[in-house]
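A.B. asks: The compositional bias 'Polar residues' annotation in TrEMBL covers 382-399, 559-568. Annotated compositional bias 'Low complexity' per TrEMBL: 400-416, 447-459, 507-526, in sequence order. The feature compositional bias 'Basic and acidic residues' is assigned by TrEMBL to 527-539, 569-579. Taken from TrEMBL, the feature domain 'Ammonium transporter AmtB-like' applies to 1-366. Residues or ranges marked as transmembrane segment by TrEMBL: 79-99, 157-179, 191-212, 219-241, 247-268, 275-294, 314-342.
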Amino acid sequence: MAKNVADVVFGGISYWMLGYGLSFGNGEGTNGFCGFGKFFIDPDESVMGEEFSRFVFQSSFATTATTIVSGAVAERTKFLAYIIFSFFNTFVFCFPAHWVWAESGWLNKLGVVDVAGDGPVHLVGGVTSLVATLMIKPRAKRFTPEDDHEMGSPTGALLGLFTLWWGWLAFNCGSTYGISGGKWKMAARAAATTLMAASSAGAVGFVASYIINKRKFHIPYIINSVLGGLVSITATCAVTGVWESLVIGAIGALLVLLSDAALVRLHIDDPVSAIPVHGVAGMWGLIAAGFFTHKDTVTMFFSDRHGLIKGGGLYLLGIQSLTCVVIIVWSAVSSGLILLVIDLTLGLRVSLEEELVGADAIEHGIQRIDLVEFKTRESSDATDNSGRFKNCTHAGSSDNNSNNNNNNNTNQHHQNGSYNGNIQMMDSSIIVHIENGVNRSTSQNDTPSVRDSSSSTRSRTNRLNGLELPWFLDRFKPKRGSKKITVPRTFHVRECFGKSYALSHLSYPSPRPVSSSKRRLQSLQSRDVKRRFSLDKTSRFTTSKPKSPPDRDGFYRKTSATTESQSPCREEVDSRDGS
């Protein structure tokens, strides 16, 4: 969202300085390629109302073309680099806007039809998004077996859809530039066609999701389909009928879904599907104008000929196709040069560590959990006079090789101390949960969970009263008289795991999906089923009955008579005392 604010702030300034004059200037030097004049716009009182109203409306178009790009480069772009890009990318919009909408624009003189900006806004934004995505490369672990990128907030995304949907009505209806002289009729038609195109596109999204996702209605399918329909009708919203808008919206939704799947196949990382929604649907909207446009007999402003289906021949279809080609080439070259200069000077992409921690924490200092706190026991003997922890208990591990490599460092760096809680270890983050008093897992007769999706550090812990405080956190000592320590947002633990990890402040970590057999074992653990299971090579569970009867509490005890070979792929659940 901060990127969207930067688009309005810096894009609005650049559009006031030079952008509006390049788009709609009519002074000396104006030609078919660009306007001249009206820079730093401050018109006289005689034309103040008309000029300022057009400036405000068109500045929203200019910043929207840049805002489209912000979603495509999300989660991996330097914020300062994006601010510079948002200032200069406004000029990428200005020239196509002059070609299509200005009286002296060369495409306007040829008779191009684009009522509300399918070309200058959406196609420019979609092509720029594609160029930026190709230059910045995919996010970390995207398109890998460890890919865990999911939609952050479906509820928030749907709320954004409704906001865009109703805002689109103002976007399209306002492009009639008034209500006098019959323009209110064109605005009313624009509202009706916009609504129906989005509805037909949404219906396609529901049906496609139901079929493809095995009777499940996935939120991204619905959102992208509706947005694709809205973009598709933008060019012809005021010069086409309701029946045609239904067809345009449905085809636009299909193209968006197909192109989105194609991007995944090509390993092009577009987190919000900006390229299919704005690029592909924007191109289809311009082409559709060549088929479905009605001759404007009301205002004689938007189109002076019919489309192909209405008996207008191939001329308008050819002009619309030419507009697509010209805008695609212009947007790719101009935005590519801007991004290249920024990348060579400041750099576009954040470091891997910053990306794993998250831009909210690195760029804005926003965390879902402010700081991870390690709390000691309530006992006053928890720390010694130097502020170090006392009475540290080492946790067991089934990965002897990795433990042996780290035991020396652990004993050397951390001889004393204790804490209660459990450690969850994931691919690129370590989440430590600490509790005061008795260990939660012990009091609830549950096994402390240690999860590590990296095969080189996969381990588990025995049921103990306390777990070992990781030695790489030893340097963060509590203050004198304090019962807790805090850890900074980011630090290196390269010595411990052989690679650089970052402390993540996720309030709800999303671990990698586990196999059905592993999930079955975890389910049995959660139900306190205290029987032993062995996992064979075919990932099937075999149950071995205990040799001794259950004790008075109903739990089976492990006896010396129970002798079974221990293998690396074995998972055991013992009695609640951890023996």
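Even glycines carry a Cβ here, placed using N, Cα and C.
TrEMBL entries are annotated by machine, without manual review.
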A.B. asks: Taking only the residues in the domain 'Ammonium transporter AmtB-like' (1-366), give me the average pLDDT of this model.
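C.D. replies: The average pLDDT of the model in the domain 'Ammonium transporter AmtB-like' (1-366) works out to 91.
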A.B. asks: Counting only pairs at least 6 apart in sequence, do the transmembrane segment (275-294) and the transmembrane segment (191-212) share 3+ Cβ pairs under 8 Å?
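C.D. replies: Result for the transmembrane segment (275-294) with the transmembrane segment (191-212) is no.
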A.B. asks: Counting Cβ pairs closer than 8 Å, which of 157-179, 191-212, 219-241 has the most of them with the transmembrane segment (247-268)?
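C.D. replies: Between the stretches 157-179, 191-212, 219-241, 219-241 has the largest tally.
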A.B. asks: Given the cut-off of 8 Å on Cβ pairs that are 6 or more apart in sequence, determine whether the transmembrane segment (219-241) and the transmembrane segment (191-212) share at least 3 such pairs.
C.D. replies: yes
A.B. asks: Which listed stretch (79-99, 157-179, 314-342) has the most C-beta pairs under 8 A with the transmembrane segment (191-212)?
C.D. replies: 157-179
